[in-house]
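A.B. asks: Mind having a look at this structure? Questions to follow.
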């Protein structure tokens, strides 16, 4: 079956036909900013017209939370004019094919999981450590999405009850301690100020301040992994994102995890898929849902 896959981000929208895990006719345009809702309706109409007659179903990976086909977020301000955008309804105006939607990190989790030995790995988590911290959770070989689309927002679990206030409003979330934005909040106050990239360069040179800062982030992610293992019996975790893939970061996470009792351990690996993870993962997930007879809300 041929899939029209879309990956809707804050700055770009990618689209392609995905057939048997192969991407064809990939296009990329800027995400509308001015008059965002009306412009997004027009953009989606144009994309559907471009690929008309070439697909059997539509799969969408999007930033934010997909709640019953509507785009929202823990902090709706992050979506600007697209908060509460009726994403599924907008697409359905232009096609009668099945439509499946999930958030971009859930889609990336599917991209990382799709080639796993499903008999060996039934419980799997993808964690992205980037500007923020997010995740996708697969339990008993099925992506956890229901009922309100928030499953996988593991960056908003607790890391430090006395830590910084997170953008979601809670104190001490993992994201507020471990994410690139959290690293920058500290390193930007140094003399001279540093970006997260520069902080990592100093970390690799054994700078004391930078090492403590990166260790704080890696320790929070290691504890998050341990919580997932003990709470959900997770067998494998894959880590991606600009921070998660930074040189020296994942070995540090593993080091902290290995210091814990063995029943908190699991396999931890680096993400393999890059910019097209959203397209590939969304296409795989919707195809699997259709194969299993799962209703796409």
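Heads up, the Cβ atoms here are built off N, Cα and C, so glycines get one too.
Below are the features I grabbed from Swiss-Prot:
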BINDING   5-12, 132-139  ATP binding site
BINDING   156, 166, 168, 173  Zn(2+) binding site
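Would you situate these features in the structure and describe their surroundings?
C.D. replies: The secondary structure of residue 132 (ATP binding site), as reduced to three states from DSSP, is coil rather than helix or strand.
In the three-state DSSP scheme, residue 166 (Zn(2+) binding site) is classed as coil.
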A.B. asks: Have a look at the binding-site residues (9, 136) and report the one with the fewest Cβ neighbours inside 10 Å.
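C.D. replies: 9, out of the binding-site residues 9, 136, has the fewest neighbouring Cβ atoms within 10 Å.
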A.B. asks: What three-state secondary structure does DSSP assign to residue 11 (ATP binding site)?
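C.D. replies: Where residue 11 (ATP binding site) sits, the three-state DSSP reduction gives coil.
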A.B. asks: Applying the rule Cβ within 8 Å of the centroid of the Cβ atoms of 156, 166, 168, 173, what extra residues of the same chain belong around the Zn(2+) site?
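C.D. replies: Everything else in range on the chain: 74, 155, 167, 169, 170, 174, 175, 176.
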A.B. asks: Around residue 168 (Zn(2+) binding site), which residues of its chain at least 6 apart sit with Cβ under 8 Å of its Cβ?
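C.D. replies: Within the chain, residue 168 (Zn(2+) binding site) has Cβ neighbours under 8 Å at 74, 75, 156, 175.
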